[in-house]
Amino acid sequence: MKLCTSQQFGVAVLFIVLNICSPLADASPIAWDFAVTLRDKILFVDNRWRTIGSAAHEFEELSALAFDEAEELIYFNDQQHQNGSIFSLRRDATVASHIVEQAVQRTGNDSVSGLAYDPLNRNLFWADMRQSKIYFASIDTLYTEPPKVLVDLSAEGGRPDGVAVDICRRQLYWTNCKINHATVERIGLNGTGRETIIKQDIDMPRGIVIDQLSDRIFWIDDKVGIFFALESARLDGSDRQLVLKDKHQSPIQLAITEDTIYWTDKADKAVWSYPKPAYNKPATNSSETQPQPTKLASWKDDVYGIVARTGFYQHLQKDAHCASVVRKVKQRLDNKLNNRTHERSAVEERMDALEREHCLNGASYMSRGNFCICPVGYKGARCEISECHNFCVHGTCEISDMGYPKCYCQEDFYGERCEYYKCNGHCLNDGHCLVDKESGELSCDCRENFTGTRCEHNETAHCASYCQHLKQHPDAFVPASCVDICEELHLSNGTIVTEYQAAAPLCADGPSSLRSGSVIIVLVVGIVSSLALVAVIVHGLRLIYKPKRPRIKKTFVVRKQARLNSASDTPLTNRPLATEQCEITIENCCNMNICETPCFDPKLVEQQFAARDRKSPCVKEDKKILIHNMEDDLLT
């Protein structure tokens, strides 16, 4: 009986190892770094923006996102769901599936634009743009309970959009995108102390996020026209700075990590990133160009919400404002684990031991979410990676109070990771670079015949002109630094002098030829310009004083009633004559080209031209003949 029990226990332990250690290593929820909402699903991606999973396929119109990093819960909104408005999603690593539960019941025609979560009081906050209100509700209560109103903007016509919770200082920030009265405001989580912190030079603010590492807020403003702006300020609205201004995008929501800002773009259906300004880091002496936004991923469907894993509980354990909040949240999680009152078998105890061994370096294991909370200075699914591992290239690494690696560089190197050599490219022409140990200043030990702070001057090439001039005029002045070089050139029997004569000619020859060439170019350009100006003036005068073509007017008589055919009328060609008559003036009939639109009888004109040519030809008689014949033809 004991042998059978031992075998069963061994099999159970093996089963536990395979089903706990492997899933935690391979299918842990820590595997994803970002989550974004498309129209009908939530995508989970890693830090290289490769899709590693998706969820919530049963929904049709997803929008806002919020993330509870303490319990690995995603909160999202569905605009089209009939019963629920906000839902929670938990990724189950053991069975590679997802559990979705309703968190807030739909109260009417809801339109959630922004969503935020407070892990201390376990409250959800969201902005309803259609009802112009900001609501909140506890996830510990039943989802059927109606939410409460924190801020009511309906009386002033406000349009709340993005919301963000400062969990350390217990404040709620939101953007109001009301046209011509847009603002960024904040209020205490208890509903007191509302104030407007940004109200100037702002058009349509959308997403907003709190950065606890720099104690600043970041928001995105969809400007009028084709531009948008990414701006930042301190938590009280002071020290406002423009981070980025770009165009041809429709930004919606924001997320932020240690060193990067992310936002969703509805126009390109994509996610973009931009480096976060280093507010709390010392500036390096390396010249860097202005970075450009980077498109990380794009999809066929519209993209709306985005959340990022920040490592909040690892990096803010020693922060002055956040330490107490982090401690209370961890204490609440530990109390949940200690409240298990059911009896535990030997297999369950062994399972707990394996779970504790799974998280390394003193990390805490969270059985509800199957993940590890790492201590300061470690990361990874099992907290197995030191933050200082291979971080500093030429220096010593230490973990700062914020939980980030910091490098102390060797005296010849600089940079955030000590990756830049101070002397790299400083000394020219094979000069040797020296670094002062006390001041850190750079100096160069130059080769022979090279001078300058960076060995940039070639004394041989510089003195060649003087030496050439000295050869022709022995009494000429030569700088003291060129005396030895000229003696060497003289001893070489003119070989080096001839070589440097082509490379560095005397100052009297080079500039004169250059000046003569410049004078010729200026003269040619001036003559051509003058001729062109004269041609333009002559052409203008011709257009002004050119005689106008004569305008010809003729008057014809038209009778109202036709008479009977007379003997002089020919069949099919007689024209009626009128007893009552009126005058019709035809103007400028024959001013057209006679070759294209003749208004004469060609045979008759030909006879007239033949008779005229036998006499003296006259151009002015042509129009008279044309009009005369046309008048006779019409009257007959």
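Each residue's number is its place along the chain shown, starting with 1.
Note that Cβ sites are derived from N, Cα and C of the backbone, with glycine treated the same way.
Bond annotation: of C409, C418, C433, only C433 is listed by Swiss-Prot as forming a disulfide with C423. When Swiss-Prot is consulted, the disulfide partner of C455, picked from C446, C463, turns out to be C446. Within 10 Å of N449 (N-linked glycosylation site), judged by CA to CA distance, lies none of the recorded positions N83, C372, C374, C423, C427, C433. Annotation for C383 (disulfide bond): spatial neighbours C359, L360, N361, A363, C372, C374, P375, criterion Cβ-Cβ under 8 Å with sequence separation of six or more. With every protein chain in view, the residue among the disulfide-bonded residues C374, C446, C455 whose Cβ has the most Cβ partners within 10 Å turns out to be C374. For the pair C444 (disulfide bond) and C433 (disulfide bond), the C-alpha distance works out to 5 angstrom.
Listed disulfide-bonded residues: C372, C423, C444; maximum Cβ neighbour count within 10 Å falls on C372. By neighbour count, meaning other C-beta atoms within 10 Å, the densest spot among the glycosylation sites N83, N109, N190, N458 is N458. Comparing C423 (disulfide bond) with N458 (N-linked glycosylation site), their Cα atoms are 21 Å apart once rounded. Sorted by the number of other CB atoms within 10 A, the disulfide-bonded residues C359, C427, C433 start with C433, the lowest. On a Cα basis, N190 (N-linked glycosylation site) lies 28 Å away from N83 (N-linked glycosylation site).
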